[in-house]
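Notes to accompany the following structure.
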4 protein chains.
Amino acid sequence: MQPLHIAGKTFRSRLFLGTGKFGSPAEMAQAVQASGTELVTVALKRVDRETDTDALLAPLRTASLGLLPNTSGARNAREAVFAAQLAREALETNWVKLEIHPDPKYLLPDALETLKATEALAKLGFVVLPYIHADPVLCKQLEGAGTAAVMPLGSPIGSNKGLRTLDFLEIIIEQSQVPVIIDAGIGAPSDAAKAMEIGADAVLVNTAIAVSQDPAAMARAFALAVDAGRMAYEARLAAAHDHAQASSPLTSFLKD
Amino acid sequence: MQPLHIAGKTFRSRLFLGTGKFGSPAEMAQAVQASGTELVTVALKRVDRETDTDALLAPLRTASLGLLPNTSGARNAREAVFAAQLAREALETNWVKLEIHPDPKYLLPDALETLKATEALAKLGFVVLPYIHADPVLCKQLEGAGTAAVMPLGSPIGSNKGLRTLDFLEIIIEQSQVPVIIDAGIGAPSDAAKAMEIGADAVLVNTAIAVSQDPAAMARAFALAVDAGRMAYEARLAAAHDHAQASSPLTSFLKD
Amino acid sequence: MQPLHIAGKTFRSRLFLGTGKFGSPAEMAQAVQASGTELVTVALKRVDRETDTDALLAPLRTASLGLLPNTSGARNAREAVFAAQLAREALETNWVKLEIHPDPKYLLPDALETLKATEALAKLGFVVLPYIHADPVLCKQLEGAGTAAVMPLGSPIGSNKGLRTLDFLEIIIEQSQVPVIIDAGIGAPSDAAKAMEIGADAVLVNTAIAVSQDPAAMARAFALAVDAGRMAYEARLAAAHDHAQASSPLTSFLKD
Amino acid sequence: MQPLHIAGKTFRSRLFLGTGKFGSPAEMAQAVQASGTELVTVALKRVDRETDTDALLAPLRTASLGLLPNTSGARNAREAVFAAQLAREALETNWVKLEIHPDPKYLLPDALETLKATEALAKLGFVVLPYIHADPVLCKQLEGAGTAAVMPLGSPIGSNKGLRTLDFLEIIIEQSQVPVIIDAGIGAPSDAAKAMEIGADAVLVNTAIAVSQDPAAMARAFALAVDAGRMAYEARLAAAHDHAQASSPLTSFLKD
């Protein structure tokens, strides 16, 4: 399979993981390892608190794992830029997952503030990966603003509803010059496989793994599904047909 | 992962392959090997013709691979029973994939003749795996008639439309005492993963692999997807939610 | 709009109503009237009980309304034929809605017993309307057995899930020589409209009307939706497109 | 049914019509009349050209019909504001359907420029109805900017794919303080009924009516479907169930 490149960094795994909602840091660490991921998001809030920082971050401090701090909790561009700067100092990385969601119920992203923050952060030298609505026009504007990738949502965060925005993700993928990473809503390995089959460059999964009965096994399941979907994309799936296409010969062997 | 048992035989791979529609016997053999499958269907018609039998069957004659002759082309129970008997002699197996479809356009199965043939073949000592509509009542009747498994369709053969019968497959899986193998219509690895996630015991794939640009790679993609779906089933997926569930903390870190 | 013909009888309304589950006979009668239906199903069980027969049947005894007794509760062909005969005497009609469902949880129909009963009842001079799975092959067999119409289900009875069997309903409609009436699962006027748009001849609705907060208003809503769908079918809908088709001119008026 | 109020104007019909793509002005006029609509959109471009202005506008100049000029063709806020001002003079109305879509292939709207133009036009005294992506956060921002309603898309313009944005439309409707009018993608009366059932205040339809074989009949079909969906919304639909809910009694009448 082809590797993925974002801002000069190469990824063999196209599965990114969120680290929230796990039962314990140990359970999280096992899932991260089982997934084979090379990039995990971390919420700055938790990093910020001295007490549990070590327990959370220690297992993530490995050579092969990139950290992607997110700005979750930021309600506008100003707060997000400030959060990104704090994260850069705390975690020594200029990568940032930009999340700006003023609405506490559905956690849906704010298009305007996200575009504004992307412009500001790109100018400040950040590698910006913004979480956004599956809005194809916005995606092109983010490209113009210097984003490193776009992260359109599949469905509301934590809903596990899968790719409800499919029609728009396909347009985004068709038009994008930067990697497209499907974020939010991916509730099962089949959703992750589907995202890769339509040509997404990567997926970010958190809730579906963290809250399953066996997070490490589920992480491994997602890793396989992402590879399956990517392989199928590279080997080109056939189109759906309206009529039956016989796999086996139609005319009776009895007549031959 | 738990192995699958059908009629006393154990399968580690839950992916079964059809052998029709491939560009060449070599391409088919490569796909079979890449898939890791332990059971492949073969159309009796082709076996019957002496000229190309060797080219077709030779690569399938391995210790680890079970052959499942199908009765494709049979239009009623009588023809199907006769075909199964020919296959038993030709291939030295009492396993049979029962296919009775009078309609040449959509190749949809005939419930009544299939039940009749299942009863007759079970009495004759066959291990019967019938291809049927996703009809939960019929599935229970086939169980009563001594079927070894049921093979409900996901969508019309060769349509690549995936699990259009999902609501009924879930009822079949809930009620079945024999393995449930989803057959027909599985057009992408994500479909195969989904089938396994809802608890299907195995899937049978042919068209989507055979007609792809790279059948061996596609076969491998399906193998990974089937494992992914099964792992997720065993690790239990979380349910879909109507509201957002934050992966990251909601309250602003700026306020802490 | 074209009228519907079944067994020599003409219907201007293509909405049939079930009479179960209503809060009271009066509420049921109001819904029947608001719907403009010309055919209602009645459960023989209730007809059979002398005490409430009058309250139930009195409002249905009008010149413009046909009664369609159903065999609900019958678990096999023998019981269904017996029930139909009782109904013929009690209600003085040779029309019968054939329902045979051995499974008390999902109430799914039994294909084999339904076909057997259809053959028997057609020979006895009944006008048979069988409730069945959306199985295209079975539908053609019922035609051969002398059925007056076929009544494939959209989704399990009372589930309100709509047309989950859409792919198969389309095949049934394409192939059928008798009227196709979609039964079970129609949960909203939009489902009824959709059924008519794809070419169904009529729909049967019960639960969605009977359990709504205002059954008469809901009955009227379904009547409008059925007409809307039928009109659209006769005026031919356009197909769905993959790309945008501008309704308004694309080139800027500023440049003209 | 409850009437709809937008900016102090009352509508009994909740179906708005686009006037593009019709075969002739006469065909368009017949469809408008058959639909019972009280508000139609007109592309300024055509109004602007003297030659066919009369043929187009004459049939729309009736007491009961409001004209809603759109800014189709505008690629940014500045162009859209200019177009709205031209339209106000030409058509003597301060209502405007705001359309800003820089992308000529999918005609998807530009969130940022639309918000900017809405703010400007509201200050200039316009009644603004913006066509937008189904982005719940943007909808609230438009409310803050003084919009009279929001017009989220169901699917790409002219695609006839229906309500692909359903999950997000439901959130928009739940949160909105201004009328929600579903625009774009509504391809069949069943789509329009569904939009109303989930609580949309109105729908705007153009392509599906204009390109059908019988536009006047199709317009009437949509009118019925919109009423059906609204009635059902007001009478409250029941929820979907996972298990069968018998309409008829389960226990056999033969046993009573």
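Even glycines carry a Cβ here, placed using N, Cα and C.
No curator has checked TrEMBL annotations; they are predicted automatically.
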Which residue of C:Gly146, C:Gly158, C:Gly229 does TrEMBL report at the same 1-deoxy-D-xylulose 5-phosphate site as C:Ala184, C:Gly185, C:Asn206, C:Thr207?
C:Gly158
Taking the domain 'Thiazole synthase ThiG' (C:6-249) alone, what is its mean pLDDT?
90
Sort out the sequence-distant neighbours of C:Gly158 (1-deoxy-D-xylulose 5-phosphate binding site) for me: same chain, 6+ apart, CB within less than 8 Å of its CB, listed by position.
C:Leu107, C:Ala184, C:Thr207
On the three-state reduction of DSSP, what should I expect for C:Thr207 (1-deoxy-D-xylulose 5-phosphate binding site)?
helix
I'm trying to understand the geometry here, so how far is the Cα atom of C:Asn206 (1-deoxy-D-xylulose 5-phosphate binding site) from the Cα atom of C:Lys97 (active site, schiff-base intermediate with DXP), in Å to the nearest whole number?
14
Please list, in sequence order, the residues in the chain of C:Gly185 (1-deoxy-D-xylulose 5-phosphate binding site) that are at least six apart in sequence and whose C-beta is under 8 Å away from its C-beta.
C:Leu153, C:Gly154, C:Ser155, C:Pro156, C:Ile157, C:Ser159, C:Asn160, C:Lys161, C:Gly162, C:Leu163, C:Arg164, C:Asp191
Near C:Lys97 (active site, schiff-base intermediate with DXP), how many other Cβ atoms are within 10 Å of its Cβ?
28
Which of C:Lys97, C:Gly185, C:Thr207 (recorded positions) reach within a Cβ distance of under 8 Å of chain D?
C:Thr207
Note down the number of other Cβ atoms within 10 Å of the Cβ of C:Ala184 (1-deoxy-D-xylulose 5-phosphate binding site), including every protein chain shown.
31
